[in-house]
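Now, the feature entries from TrEMBL:
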TRANSMEM  A:43-68  transmembrane segment
TRANSMEM  A:75-91  transmembrane segment
TRANSMEM  A:97-119  transmembrane segment
TRANSMEM  A:131-152  transmembrane segment
TRANSMEM  A:190-210  transmembrane segment
TRANSMEM  A:238-261  transmembrane segment
TRANSMEM  A:273-298  transmembrane segment
TRANSMEM  A:305-327  transmembrane segment
């Protein structure tokens, strides 16, 4: 961070300014003129908050993707299928037992086991053949998508939320004035706040694991130079297995989250695969903070675009990616 | 016209087993000076005769659905083969470029959606459609060549899905979810080109043209330089070649071929919608090109034939096993997995290995082969 400010003072100033303006827009009450120019503040706040929540979901999906890529140079194009499969499994668990929280460990374990199987049986056999691995994952995603369509059909599912998570909560953020002229505060679905908090907690935990633990050290060393790490006597296959299992499990968990506050249907797998791709391209391959920033940017662009230019919200996402590629092909935080 | 190979072509040919197209198809090396027509092996003549006289034996369903579709998908896969085999760039954008060509024909020419279609005459709208699609491919290429290997796959995949979502949401130009219907080929020379026999010859002719163009370009200085760039970009840059320009130009050329395939595809279905370039279709093109083999241009058509046969007849096979006939994707996906697992260079690779095996075994019987 300090390095960045020292190296690029102008860019730091611009980023700080944009952030300050955004924060001011969110916190300060809007004047009549502003409401006239930009529409109502509540709409803006809702767009910003859904953008951040969507970003949190994208981060959950993309974090595993970027970690797997960073360590193994393996683009797992079946990642979206793991997401959707996790969502469906979570739906089944919640349907059968009624406990929403129970779905998380169950799905994590099942999908992580599937990930371990994939890594051990498929990717290990074609190590170093990136193109072939990518094609295998494409084949897998085709097969998985069709099997899921077979089992769960074409309709869309929503995972039922527990009572303590449903309903709105009031945030101490000024959203406008109600009819009697009193200050109204923003009301926002509790579950989305919970998702946001959970994503932040998971992100911070991942950051700590990566930067402060022995396993994290091994992973970072593996990202930098795999051969050298192997030469020091580390059984890198175990590290690979751990990372792949974790990344797959995260995708599964994200499926439950996505199924709870959006819905699950065929096609969601490619949607989230695309989201992870764009997030990772924007943020930089193999970087967890990059994935967080990329997810936030893409989520915000998606939702703000949806509110203010409904037809072209996809194009915003794409434009951001194109601009990043044009000026920083390795991604915002990539090396 | 001598039979000496173009500089660098044969010397740069990697040993058997490496997944590299040699750029030499059909020409028998080491033979005496012959006319070009004499150098075409007998197998190709037989294939040409079979294809030319196909309408005499095959019914309309085979001509229009099976072979027409094979040639179309083959052309689109051929454009991918050109990029991947000669340029070393696996691009997933080819289906979107093809759809762009198809959309442009529908938008510029006549279609059932009269509020949008401009209704330009065929001699204007077809070249324009190919041009616009090629420009689109060039722009995508300009972005994609900044990256290498799997990054190219990821970026072209992202752009392809952006194209899909954009066409689905844009109603002003692309007519959103519904797309365009009643897009038919022009009545040229008094022939209805959507009739099975006419369409068969049209798609066959264009497929042969595209095939010949790819083979020709692969032997031009540009194609050879492109293969050099594939093998060693830094050396080519040091030799003074503009690596980026060669790669982008490859995207443009491949884009034009894909656009021709896309236009034919629209004419065959007589309609186009966002789903034409949805992710399943995008992956299908990769599946076709890989299953056929990325080494030589013919692989694209072999892959397309296998895909179309599977797609057309798998419902019958599945019903025979008492499975729902919607499971053909499972079959195709599994087939693709098997091919990638056991023969990464596709059917052509299998054929080459089979031939090499035969060549190795024969000396035991005392017969000279090579």
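Heads up, residue numbers simply count up from 1 along the chain you see.
Here the Cβ of each residue, glycine as well, is placed from N, Cα and C on the backbone.
Only pairs six or more apart in sequence are counted, and the transmembrane segment (A:190-210) with the transmembrane segment (A:131-152) gives fewer than three Cβ pairs under 8 Å, not enough to call it a contact. Listed as Cβ neighbours of the transmembrane segment (A:305-327) (distance under 8 Å, sequence separation of 6 or more from its ends, same chain) are residues 39, 43-44, 46-47, 278, 281-282, 297-298. Within the same chain, residues 51-52, 55-56, 58-59, 61-63, 65-67, 69-71, 77, 79-81, 83, 141, 203, 206-207, 210, 223, 317-318, 320-321, 324-325, 330-335 sit at least 6 positions outside the transmembrane segment (A:273-298) and bring their C-beta atoms closer than 8 Å to a C-beta of that stretch.
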